[in-house]
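Participant: Copying in the features that TrEMBL gives for the protein in this structure:
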- 142-234: domain 'Mandelate racemase/muconate lactonizing enzyme C-terminal' (DOMAIN)
- Lys163: active site, proton donor (ACT_SITE)
- Asp188, Glu213, Asp238: Mg(2+) binding site (BINDING)
- Lys262: active site, proton acceptor (ACT_SITE)
Amino acid sequence: MKLHSVTLHHIKMTLKTPFVNSLETVNDRELIIVEAIDTDGYVGFGEGVAFTSPWYTEETLETSWHMLKDFMIPTLKAQVLPHPSDVEHLLKGIRRNPMAKYAIEGAIWDLYAKREGISLAEALGGTAKRIKAGVAVGASEPEVMLNEISKRIEEGYERIKVKIKPSQDLSLIRAIRKSHPSIDLMADANSAYTLNDIERLKELDQYGLLMIEQPLAADDIVDHALLQKELETPVCLDESIASYDDARRALSLSSCRIINIKPGRVGGLSVSKKIHDLCASQNIPVWCGGMLESGIGRAHNIALSSLPNFTIPGDVSASSRYWERDIILPEVIVENGSIAVPDGSGIGFELNRKELERVTLAKEIR
Ligand SMILES: O=C(O)CCC(=O)c1ccccc1C(=O)O
Ligand SMILES: [Mg+2]
């Protein structure tokens with residue numbers, strides 16, 4: 001495989017409704033779509049999932065664009081690429097910037113699978129034909145959240161995640177449990193707590209949550225280990241796991257019992273697979289997180305979720321969860337609580353070029 005050119009598309013998609021968590025309100029989702037073309041004319045797509053401001057991690061859309069344009073694309077264009085799993089090593093000289101790395105590495109995985117005439121899921125070693133769909137419900141007034149939860153359950157979602165913070169946690173979870181005593185329910189705090197809140201967090205144990213996601217600071221796997229010792233509810237780490245080594249260290253400290261894998265957060269599909277394998281070897285279940293992706297990123301998440309240790313439904317939901325119209329065809333749909341893993345080559349969805357152009361703000365060919 002040899003790259004001929006890479007086009008970066010800066011897009012802006014309007015969310016059906018703003019997505020609110022303890023740190024940020026997202027109204028419009030700006031993303032980078034990476035279109036990589038090789039010298040034989042095969043095309044692969046990847047997605048840069050950094051936000052426009054550094055609230056979730058330090059990367060932004062602009063920093064990703066810079067890293068891709070000035071460092072990553074030139075490095076990868078300069079050589080023959082034996083296999084997508086080599087990209088991680090080829091980009092080792094560029095520190096961090098995992099979302100930018102994933103954006104180009106994901107496109108190369110899609111390109112590779114298309115060259116081989118196999119699905120991305122198969123290329124990654126995935127086996128599931130369908131994956132269970134979960135959905136995240138953003139923070140809002142409790143009545144609004146309860147209504148949305150009922151709607152999502154009617155739509156077939158079998159695992160609901162809600163955003164919590166100290167000013168809206170126990171009463172919210174209690175109210176949800178009253179209406180839905182046995183639904184698979186979990187809470188994501190996006191680091192809204194500290195160890196001073198330990199008694200409050202212990203109270204959550206009585207509601208049978210599947211897990212609590214990222215209660216403490218992004219950079220604190222030590223405090224998470226102390227917290228996990230005190231809680232019956234499994235702790236799941238999201239922001240704290242930005243690399244394979246972070247996962248290895250978190251498991252050796254018992255900082256969590258579950259890991260949320262987002263390929264953008266950890267630097268690519270190859271790293272995601274390695275974390276998946278490490279967790280499998282230690283009986284730690286994983287699930288695929290979401291980043292308010294367009295259909296391109298969603299397609300990658302579906303393929304990744306077909307690996308066998310993705311035993312918990314992720315934040316992988318239908319295109320219509322966030323978008324009036326997606327940039328892929330067909331769109332991702334949820335049927336009977338699950339999503340089909342496509343068996344066409346590569347990501348298994350076509351780019352809706354007309355829709356991509358409609359949402360494009362800027363484009364650059366390297
Ligand atoms: O539905 C989704 O795409 C995931 C929603 C979500 O929780 C989220 C969305 C954007 C950034 C971070 C997170 C998170 O998991 O913390
Ligand atoms: Mg999270």
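Note: Cβ is positioned from N, Cα and C throughout, glycine not excepted.
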Participant: For the domain 'Mandelate racemase/muconate lactonizing enzyme C-terminal' (142-234), give the DSSP counts of helix residues, strand residues and coil residues.
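Facilitator: With helix first, then strand, then coil, the domain 'Mandelate racemase/muconate lactonizing enzyme C-terminal' (142-234) has 46 helix, 14 strand, 33 coil.
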Participant: Quick one: average pLDDT across the domain 'Mandelate racemase/muconate lactonizing enzyme C-terminal' (142-234), no decimals.
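Facilitator: Within the domain 'Mandelate racemase/muconate lactonizing enzyme C-terminal' (142-234), the model's average pLDDT equals 97.
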Participant: Where the criterion is a Cβ under 6 Å from an atom of ligand 1, which of the recorded positions Lys163, Asp188, Glu213, Asp238, Lys262 meet it?
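Facilitator: Once distances to ligand 1 are taken from each Cβ, Asp188, Asp238 fall under 6 Å.
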Participant: Any of the recorded positions Lys163, Asp188, Lys262 with a C-beta atom under 6 A from ligand 2? Give them in order, or none.
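Facilitator: The qualifying recorded positions are Asp188.
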Participant: Do any residues at least six apart in sequence from Asp188 (Mg(2+) binding site), in the same chain, have a Cβ closer than 8 Å to its Cβ, and if so which, in order?
Facilitator: Asn21, Ala136, Lys161, Val162, Lys163, Ile164, Ile212, Glu213, Gln214, Asp238
Participant: Residues near the Mg(2+) site, Asp188, Glu213, Asp238 excluded, by Cβ within 8 Å of the Cβ center?
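Facilitator: Neighbours found: Lys161, Met186, Ala189, Asn190, Ile212, Gln214, Cys236, Leu237, Glu239, Asn260, Gly289.
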Participant: What's the most sparsely packed of the binding-site residues Glu213, Asp238, counting other C-beta atoms within 10 A?
Facilitator: Asp238
Participant: Select the most exposed residue of Lys163, Lys262, where exposure means the fewest other Cβ atoms within 10 Å, treating these as the active-site residues.
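Facilitator: If we count Cβ atoms within 10 Å for the active-site residues Lys163, Lys262, the smallest count is at Lys163.
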